[in-house]
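Trainee: Structure incoming, see below.
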């Protein structure tokens, strides 16, 4: 095969007779320096020609697809045509396609032209060796371009990231796919078991390790930046400057101004810059890493196919067409990765370094802006002239003084602490309390703090001030918010939040020392008798806690809050559930649960010492 034939894979030009006519004849002596210079120029720019043209030729098909897309937009097409005619009038109506194909035709004609010049040059001429080397070098350039183009075509099949559903993935499974995967798995198991040697490629392994390191850094940084953006979003939802503390002016107003500036300007601007200058480039970098990741993963599969084919070739001496294609595919992928992965790693590291520098710069700008804004507000605060150590000492001294004042107030408060609040007992409830006290003891007695209306079968309905005994501090289901209590006649459940511990008060006889204390009552002082105390006016009164309508002549009607006089705390049969009262000159019975003792108009009080 002639060396020039490989150039036909890019474009196969025909060597026309005009080429020979345009070629110089046998060079005379004055032409040899020009021919030598021509060969030297091609040899000098051999590497640069290869680097430029191989990328151009490999991207030619994609460029044609873009041209077809541009042709669908008439306005865009007319604009491109006007630009081409202004810059290159000789392009004619062919337009952009004509300009794109020219470099392909030119690079394939170079070795043909040099070959014609070489054929018309005497072998003993001084320019002949230079032209011979130049023709061979350009032929190698065309060969390398074709090989690079073939590798890129192979790689393009595996760099595309397809988002397939589970059904689409299952549809691609067939006997051929299962056979290939089984063969690869068998080859991998034999390598792991040490039955067959594993192909080692130290150069590629180093490149792959560096690539995975860069990929891991990008993934970690992307995750951290995403979390940072989420935290900023949460921060911007707060509006501390909109909180009204009812403290006009002073440091509070200054803090509100500072918070408003940060929440409405500094932080939103920082978030916007972070998204545009860090997050979006980081996402683009992560997307750029997907293609090489697929190639590296596919190379491992093709390596197993290659090793299997090499093993069969050494044993049998021949391989099938499919196995030969697998060998070439692996060689193309491996050569492409070894050639381009170093440059890609370098660019990815530079890209990542630039993103990190931008992130640090943005953080520094934010800190500088916040510090400047805070310093302007700080200058208006008291003690701003103090140094940081002196301010810390001032804060510590202030906290110590506040703690001392708080402890002093606590001690004074405990000295003058009033007795525990006890709700007034219902009329006729003294005997019930004494019965519960003698049966359960003072630690089990609780008083109802508000009216309870039972809604369940076992729930009790009790008025405020009723005294009960605690039986169990939870119900049968373990719910501690419902307590089982005994009222002295009924048992049931009441809400625990409406009960408070009942503090047993000494009776008047105990206070005056006229009677011995009952075994179940408590004495406030250890002395057997107390000094006489001056008489005081009555401080409680009996009122109706809810309205009551009389149903017979033996009963009397009540209004809520109406003051009554209790004549007897029981009926004629001794039942404490009914009380004989006098209201506005009328006498009659009313339910005892409808009555309650409340503080009088002038209760005793207490005050803190000055």
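In case you wondered, yes, glycine gets a Cβ from its N, Cα and C as well.
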Trainee: Name the residue range among 467-488, 489-510, 511-532 that TrEMBL annotates as region 'Disordered'.
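Mentor: It is 511-532 that TrEMBL describes as region 'Disordered'.
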Trainee: State the residue range annotated as region 'Disordered' by TrEMBL; the candidates are 1-30, 31-60.
Mentor: 1-30
Trainee: Run through the domain 'SH3' (537-600) and tell me, per DSSP, how many residues are helix, strand and coil.
Mentor: 3 helix, 31 strand, 30 coil
Trainee: List the helix, strand and coil residue totals of the domain 'DH' (39-148) as derived from DSSP.
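Mentor: Tallied per class, the domain 'DH' (39-148) gives 96 helix, 0 strand, 14 coil.
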Trainee: Using DSSP, what is the helix/strand/coil residue split across the domain 'SH3' (441-504)?
Mentor: 6 helix, 26 strand, 32 coil
